[in-house]
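What follows is a single structure, written as structure tokens, with notes after it.
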Amino acid sequence: MGIKFLEVIKPFCAVLPEIQKPERKIQFREKVLWTAITLFIFLVCCQIPLFGIMSSDSADPFYWMRVILASNRGTLMELGISPIVTSGLIMQLLAGAKIIEVGDTPKDRALFNGAQKLFGMIITIGQAIVYVMTGMYGDPSEMGAGICLVIIIQLFVAGLIVLLLDELLQKGYGLGSGISLFIATNICETIVWKAFSPTTVNTGRGTEFEGAIIALFHLLATRTDKVRALREAFYRQNLPNLMNLIATVFVFAVVIYFQGFRVDLPIKSARYRGQYNTYPIKLFYTSNIPIILQSALVSNLYVISQMLSTRFSGNFLVNLLGTWSDTSTGGPARAYPVGGLCYYFSPPESFGSVLDDPVHASIYIVFMLGSCAFFSKTWIEVSGSSAKDVAKQLKEQQMVMRGHRETSMVHELNRYIPTAAAFGGLCIGGLSVMADFLGAIGSGTGILLAVTIIYQYFEIFVKEQSEMGSMGALLF
């Protein structure tokens, strides 16, 4: 059934825009250039406002997810990477559940990727329609059908640009993937802004600077009681404070420390005697994939809940999914879940919130750990990184595990890989929860994504440097 399903949508995949694979080896400096161009296009789209919107001042239901989804309110990047990640989530789950089957041949993999792109474009249109019809840019009846259609077209074209930019990097023209690049850029930008923002905010305590570090110097310069000024700079509410910044740096250090955890399995050449090597199985075997898929799941739950609560606010089942409240303390207006599944699947605002509602905190912890472990185990089966796939790769390279025959390699790898995937997913979820409870800037999920992505780029750079021999050869 699976192959038949992919064959059915094959004609549609053939008409999709596609980036051709490079016909020659792309030099590192060219990859850096293409990566920079991709990032520049993304950042420009983040600043171009949507044409035709009447207002974007209403409470933002996705304020808490925008850092992770690389989206920017009221701009061409309104949807961010949400459509492409959501399509990936759906396709991976369908493949993992064996509803559709993906063969090992390059043709089947290409067809699967094409189907994922097709669903990404369909989801882009669907999300654009939902955003417009739920009144995020003004009352649709007042804007008129023409303006609504123009906004939907803009969001669709921007979503297509994101898909193609991601494909450009993944095909080998640049470094890493577009999704990772956009997420890391957005999160790092948020952290720097929250630390050094010169924007002033009127609070009950008077006018304060948004940036935590600038606020520290401002409070010390303007307050006569220096001890109280320091206390306020470290613990002020509803605005970034120094404790948030310290928590962010601490989480960065912890995640980098855990990146070094791995098990090295001894392997040897089946052809050349005396040629030994190791195959590393990292603690974060599936890297940041579990947290990206978990974020996609929650963001789509938010979209559905917001859409239904706008139309059927008094319905019992709708309220069971999520009830929302608007808040504008210390920043732009935003909608926050206060009940239902959406509330329990969202992180507590602070450690004090954990003590106030331990049931919420407990359910959130179980959800994060369980979903990350599940997505991690599912991912290895559909991404070509399961024990069977690794054994096949080693066999193709004419390598075998020391002390084991080729036939027993899969059994031996099965002792490590599924465990590393599940436990690594649990650790990813646990670190995200810890960062949320500590109040790290950009959310626990965001910090975790930023660190793992930056570390991936560091590994790419080290690998390229070892192949080229020197820094000068890399760039010149």
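Just so it is clear, glycine is given a Cβ too, placed from its N, Cα and C backbone atoms.
With respect to the membrane, GLY144 and THR445 are annotated on the same face, judging by the topological domain names in Swiss-Prot. Taking Swiss-Prot as the reference, the stretch among 173-193, 215-235 described by the feature transmembrane segment is residues 173-193. Comparing 77-96, 118-138, 145-165, 289-309, 421-441 for CB pairs under 8 angstroms to the transmembrane segment (173-193), the maximum falls on 77-96. If you look at the transmembrane segment (241-261) against the transmembrane segment (421-441), you find at least three C-beta pairs under 8 angstroms, all six or more positions apart, and that counts as contact. Counting same-chain residues at least six beyond the ends of the transmembrane segment (355-375), those with a Cβ under 8 angstroms from any Cβ of the stretch are 286, 289-291, 293-294, 297, 343-348, 422-423, 425-426, 428-430, 432-433, 437. As a quick check, the transmembrane segment (34-53) and the transmembrane segment (289-309) miss the bar of 3 or more Cβ pairs under 8 A, pairs 6 or more apart, so the two do not touch. With Cβ pairs under 8 Å as the measure, the transmembrane segment (289-309) is packed most heavily against 77-96, out of 77-96, 118-138, 145-165.
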